[in-house]
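*Asks:* Right, I'll just put the structure down here and ask away after.
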Amino acid sequence: MKSAVIVFPGSNCDRDLAVAIEQVTGRAPAMVWHRETELPDGTDFIALPGGFSYGDYLRSGAMAARSPIMRAVADAAGRGVPLLGVCNGFQVLTETGLLPGALMRNAGLNFVCRPVPLKVENSQSLFTSQYDAGEDIVIPVAHHDGNFQADAETLDRLEGEGRVAFRYLDEVNGSARGIAGILNDSGNVLGMMPHPERALEKAHGNTDGRRLFEGLLETVAA
Amino acid sequence: MKARVFVTLKPGVLDPQGKAIHHALEGLGFSGVEDVRAGKLIELSLADGTPDADIEEMCRKLLANTVIENFRIERLETAA
């Protein structure tokens, strides 16, 4: 599997994500700087990392969403290349319009940084096929702007089409309907606030994030 | 010329920041504050004759996230 991790000024989980991808797929991803205009040939998985791209100026993810590389990323996603956005990466995906809704300041206004229990709502997607439907897992979150909001019609559509991938089991940040991660309509773009790359090895405390990368590898390699 | 862009949360969109400011005002003893909504003011210095349509496009493409925010443009014409 040929992966690419996009690096924005202010990204800080790009290395964690690269380590996770290399551990699971056996191949280090290309690290692609935001000023690039093309992805390496044959890229078959793209990841947008967590962090504070452009210092969260204007809105979290707003500036990164308009950076040169994002045109190539959107084109690739349009062709069906799997695209994962974690935390700030999720914010970038909503800002580009690749995913609906917006991620607003946490309802409690505090930065939330702890492992949180999640329910796997969709175990059929190319990211979640290694989980059981309705399974409870634990993945860490670390964010200030993770409060997912969309209008009722959009929320109903996400639920109805099975596009809610993960849901918080506890109150974390005020997200509408406890939504922690969503898929696009064709299922190849996943945005999620929890960090699967931080739950990959025993030393992390749990390995519930590992199966996301394993599922992806299996789908892409198939 | 200059233009000011006011970016505000759409009605009905939860504003945790506004709520916190509201509580702080009450804590300071100001009674009668019914609601607080926080937004942004962005000042643009523009080439003379920049059309309204361009400023609106700037708002739609970057300055406001129209999923959750409204914007209002105020042009401040400089003396000719």
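Each residue, glycine too, has its Cβ placed from N, Cα and C.
Per TrEMBL, the feature active site, nucleophile maps to A:C87. Residues annotated as active site in TrEMBL: A:H195, A:E197.
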*Asks:* Calculate the distance in Å between the alpha carbons (Cα) of A:C87 (active site, nucleophile) and A:H195 (active site), and round it to a whole number.
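*Replies:* Roughly 7 Å, rounded to the nearest whole number.
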*Asks:* Least buried of the active-site residues A:C87, A:H195, A:E197, going by other Cβ atoms within 10 Å?
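*Replies:* Output over active-site residues A:C87, A:H195, A:E197: least Cβ neighbours within 10 Å is A:H195.
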